[in-house]
Amino acid sequence: MDDFPWLSLLIALPAVGALALALLPKGSDALAKRLALAISLVVAALTVVLAFRFEVGGPRFQFAEKYWWIKQFGVHWGLGVDGLALAMIVLSAILVPLVLLASWNAADRYGGAGEPPASAGDGTPARTRSAKAYFALILALEAMMIGVFAATDVFLFYVFFEAMLIPVYFIIGYYGGPQRSYAAVKFLLYSLFGGLLMLVAVIGLYVLSARPPAQGGLGEGTFMVDQLARLDLDPTTAKWLFLGFFIAFAIKAPLVPFHTWLPDAAGQAPAGALVLIVGVLDKVGTYGMLRFCLELFPGAAKWATPVVLTLAVIGIVYGAILAIGQIDLKRLIAYTSISHFGFIALGIFAMTSQGQAGAMLYMVNHGFATGALFLVAGFMIVRRGSARIDAYGGVQKVAPLLAGAFLISGLASLSLPGLAPFVSELLVLVGTFSQYQVAAVVATTGLVLSAIYILWAYQRTMNGPTADAVKGMPDLSRREVAVVAPILAIIVALGFYPRPVLDMVNPTVKQTMSRVQTQDPAPTVAEKGARP
Amino acid sequence: MNVTGVLAQNDIPAPHIEYGDVAPLLVVFGVAVLGVLVEAFVGRGWRYRVQVPLAFLGLVAAFGWTIALAARERPPHLVAAEGALGVDGPTLFLWGTIAVLALVSLLLIAERDQSHFTAQASALPGSEAEQETMAAGFVQTEVYPLMMFAVGGMMMFPASNDLLTMFVALEVLSLPLYLLCGLARRRRLLSQEAAVKYFLLGAFSSAFFLYGAALLYGFAGSVRLSDIATAISRNTGDETLLLAGVALLSVGLLFKLGAVPFHMWKPDVYQGAPTPITALMASCTLVSAFGAMLRVFYVALENLRWDWRPAIWAVAILTMVVGAVIAITQTDVKRMLAYSSIAHAGFLLTGLVATTTAGLSGTLFYLAAYGFTTIGAFAVITMVRDAGGEAAHLSRWAGLGKRSPLVAGTFAFFLLAFAGIPLTSGFTGKFAVFSAAVEGGATPLVVVGVLASAVAAFFYVRVIVVMFFSDPEPDGPAVVVAPTTVAAVALGLAATVVLGVLPQPVLDLAGQAAGQLFVR
């Protein structure tokens with residue numbers, strides 16, 4: 001392993017690219033698009049190279065970098081990836097070029113990005129929005145996504161975690177549908193609120209680590225995750241800190257009582273960006289639960305397990321039921337994701353190796369499956385100018401490729417055996433069943449419900465007599481095929497052969513499992529009452 | 001010193017002044033006096049051309065001298081001018097900060113083509129006399145010496161080592177500001193109203209301050225901060241006098257800071273004053289008042305911590321919450337920033353509550369960071385204009401992001417810095433004070449601060465929504481690009497970025513300054 005700062009390069013490339021795009025003169029949209037695509041492809045290629053150079057069974061954090069950033073606060077520019085982080089980075093880096101390609105002709109059009117044409121009726125020419133800015137924002141988002149997964153310093157993680165909101169906020173608010181500013185503000189405030197609670201917890205960790213070792217500290221304030229894991233926290237403090245982190249991640253993921261921002265954001269955001277928001281960004285929540293909630297506060301995580309499992313199961317069923325009732329395609333997919341995030345949280349907090357491996361695999365698979373669904377939905381919306389399900393009907397007769405792609409990604413989403421999400425969902429359920437039978441049984445109903453929401457949506461949009469408005473709908477263009485084909489190929493490949501990903505994440509599973517198991521059982525109420 | 005003895009000898013010894021150590025102060029006051037002379041003896045046509053470089057050079061010299069003092073092998077750490085001034089690490093940091101911020105504000109004040117100041121303050125608004133002076137192209141160059149006096153007062157205020165000097169500094173900084181507030185070129189009645197309000201309430205608060213100082217003198221037998229500290233630790237005097245004195249003194253200081261419940265003046269004054277003066281007040285006055293507050297509480301009242309802390313807790317919580325919540329309902333950009341400034345005063349107070357070196361250095365950093373961002377934000381406000389002057393109403397800013405993406409983007413960045421988003425100076429500052437407060441055991445206060453930040457984020461974000469996500473009005477305001485204003489915006493922006501991304505050098509400076517502690 002060489003010392004070349006690969007991860008810094010991965011962050012710097014899209015960041016510099018975004019800046020360069022922003023500085024291009026007006027009217028250079030075509031150049032900007034090509035430049036953005038080229039950069040994202042280079043980043044994707046680099047991450048794939050990294051994935052091959054990653055030594056399974058090697059040191060925990062590989063490609064590690066550590067420099068002082070703000071010495072006064074004990075903050076490092078600390079990067080490094082374990083299997084899970086690298087898997088998430090690869091997922092993001094593969095999705096970004098596809099999203100860019102999918103938004104090629106749609107980003108600058110009102111109506112194209114999921115809003116009915118603004119000029120409808122009054123004869124004024126359709127207004128356009130800057131495609132350049134859209135592509136720059138996506139690149140900026142990519143830099144921050146890679147950073148957030150690669151950070152091994154909690155402060156740095158927090159910086160990326162919060163800074164990431166800004167590009168997303170502008171993407172939703174500037175390129176979204178008619179209710180976009182409401183959705184954007186709701187998204188930002190929800191995330192910011194959670195993030196600020198996390199900030200208190202981050203500060204708390206730092207202050208505790210600065211205490212002398214005799215008081216359970218490290219003698220020197222630090223934010224490095226591996227060092228913070230050595231902190232000897234007293235149970236009450238650990239619970240508070242856990243809550244600070246957990247609420248932030250539960251909002252991000254989103255778990256059920258904190259989820260209402262997602263359907264609104266999904267209803268308004270352009271479909272391309274949704275691939276990244278739901279496919280990658282929300283995974284930061286589940287990633288954070290694994291990396292911070294479980295590793296730093298194993299005792300508190302066990303203490304919270306019953307509540308989290310309950311929320312997760314409620315999310316699985318509730319999200320699925322609401323998905324069935326949606327009339328908007330993008331909102332429907334958003335609710336299915338809430339159901340899927342329930343599965344991921346279930347797997348994480350079941351605290352079995354199978355459950356965790358399943359959850360981690362699910363994080364990757366869900367990114368591809370839901371990403372594909374959003375991309376195809378985006379193609380439909382661009383053609384028809386509406387996201388309402390009842391605006392379609394009989395599409396498969398006029399656009400068989402489109403319908404086929406929708407079907408495959410839909411089937412992936414309902415966990416059909418042979419497609420990637422099946423493996424992960426099965427692992428999660430098996431892992432949960434060995435510990436919490438009731439939760440697993442209730443969660444299984446989610447599978448049945450998922451068949452209803454996907455197949456019914458397919459039936460209403462693709463089957464039946466061809467609606468008049470759909471008649472002239474063109475099938476997938478070559479560009480669009482180039483967007484969906486790779487994702488569908490990955491979904492099928494991982495469905496039959498999930499080994500590579502499982503191998504990558506297994507060390508992470510072992511690590512979290514050992515952290516959770518070696519701790520004392522959660523303190524009882526009596527102990528808590530006895531504390532001064 | 002035995003005063004009667006000295007008088008009896010009828011031989012008053014010349015006071016010993018450490019000229020070298022207090023030179024930055026003397027330079028600023030000297031330039032202010034020179035400015036008055038210029039007003040008296042230089043012809044009208046030349047005044048502007050003389051005043052601006054004079055003020056500029058004065059501030060640069062003061063800043064340079066401060067740097068030179070701080071760069072010495074042994075930076076000054078002494079009580080200078082017969083016990084009147086404490087020259088120490090925090091003083092030097094605050095002097096440097098105030099001088100730089102005043103320089104940036106001067107860039108705004110000196111804007112000539114689109115002057116912000118009335119041609120003749122004495123002409124009645126709307127009268128013929130006003131029109132005549134306008135037509136004659138008069139320029140109110142008294143602004144510069146007034147500003148220099150105010151800046152001198154601001155530098156003296158946090159350096160004062162006894163309560164009387166502090167009171168004098170308070171008046172020196174306040175009186176010119178009262179005047180400057182009333183000099184707006186547009187909406188003059190609003191401006192004059194602001195001046196009167198500020199004056200009346202300011203006079204009240206000065207009276208509070210003076211009364212508090214008198215009571216403390218009654219308690220300790222001295223107005224020197226260190227003597228008061230000794231008297232408190234000996235626990236000899238009358239505790240009623242002490243507590244009443246501290247309470248009244250705090251009222252005076254909290255008023256200048258704009259902490260709730262002494263904040264009433266801030267929205268009106270910030271809105272009515274000419275925007276460059278608002279920028280000066282929002283940055284330099286805040287820095288100065290907070291510096292003075294730190295000195296009083298760290299030096300004189302340190303041993304009284306357990307008595308004043310609960311009160312400051314309450315004030316901090318009120319200030320953060322009230323500032324953030326009321327700001328939501330504002331529709332005028334300047335008023336909104338005024339409430340935002342109130343909320344930020346609350347965040348700063350959490351650093352004061354920490355009463356540690358970390359708290360001190362965090363507060364110093366926060367002051368510098370916030371000052372730059374504020375000036376930048378007000379500078380942008382001066383650029384967005386329509387026929388009636390600045391387009392202050394929020395609805396007029398609709399769609400600015402489409403018309404002038406650069407200006408709107410910059411303003412959005414300042415707002416994100418106010419909201420404390422990472423990679424801006426606002427985040428670094430907040431982190432510094434909040435972590436100090438947690439370390440000092442004030443975790444609940446920090447939780448309130450964080451929640452208030454979330455509320456505050458709402459109205460900052462709302463402005464961004466208006467600028468970027470709403471459609472422009474057909475007769476929307478135009479962006480007036482004036483070179484010095486652009487320079488001020490650029491400096492504010494650069495500082496906001498640098499202090500957010502690479503804050504280490506300034507954090508080190510603040511840390512060293514705080515590590516030296518206040519001289520006693």
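Cβ atoms here come from the backbone N, Cα and C positions, even for glycine.
Here is what TrEMBL records for this protein:
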- A:151-449: domain 'NADH:quinone oxidoreductase/Mrp antiporter transmembrane' (DOMAIN)
- A:513-532: region 'Disordered' (REGION)
- A:6-24: transmembrane segment (TRANSMEM)
- A:36-54: transmembrane segment (TRANSMEM)
- A:74-101: transmembrane segment (TRANSMEM)
- A:133-151: transmembrane segment (TRANSMEM)
- A:187-208: transmembrane segment (TRANSMEM)
- A:240-262: transmembrane segment (TRANSMEM)
- A:274-297: transmembrane segment (TRANSMEM)
- A:303-325: transmembrane segment (TRANSMEM)
- A:332-353: transmembrane segment (TRANSMEM)
- A:394-416: transmembrane segment (TRANSMEM)
- A:436-458: transmembrane segment (TRANSMEM)
- A:479-497: transmembrane segment (TRANSMEM)
Between the transmembrane segment (A:394-416) and the transmembrane segment (A:240-262), are there three or more CB pairs that fall under 8 A, provided the residues in each pair are separated by 6 or more in sequence? no
Is it the case that the transmembrane segment (A:479-497) and the transmembrane segment (A:74-101) have 3 or more CB pairs under 8 Å, with pairs at least 6 apart in sequence? yes
Ranked by Cβ pairs within a distance under 8 Å of the transmembrane segment (A:303-325), the first of A:6-24, A:274-297, A:332-353 is A:332-353
Per the Cβ filter (under 8 Å) with a sequence gap of at least 6 from its ends, the transmembrane segment (A:6-24) is approached by 31-32, 35-36, 39-40, 42-43, 46-47, 50, 63, 65, 77, 79-81, 89, 93, 96, 132-133, 135-137, 139-140, 142-143, 146-147, 150
Same-chain residues at least 6 beyond the ends of the transmembrane segment (A:133-151) with CB under 8 Å of its CB atoms are 7, 10-15, 17-19, 21-22, 32-33, 36, 39-40, 43, 78-81, 85, 88-89, 92-93, 96, 99-100, 103, 107-108, 157, 160-161, 163-164, 167-168, 170-171, 174-175, 270, 272-273, 276, 280-281, 284, 287
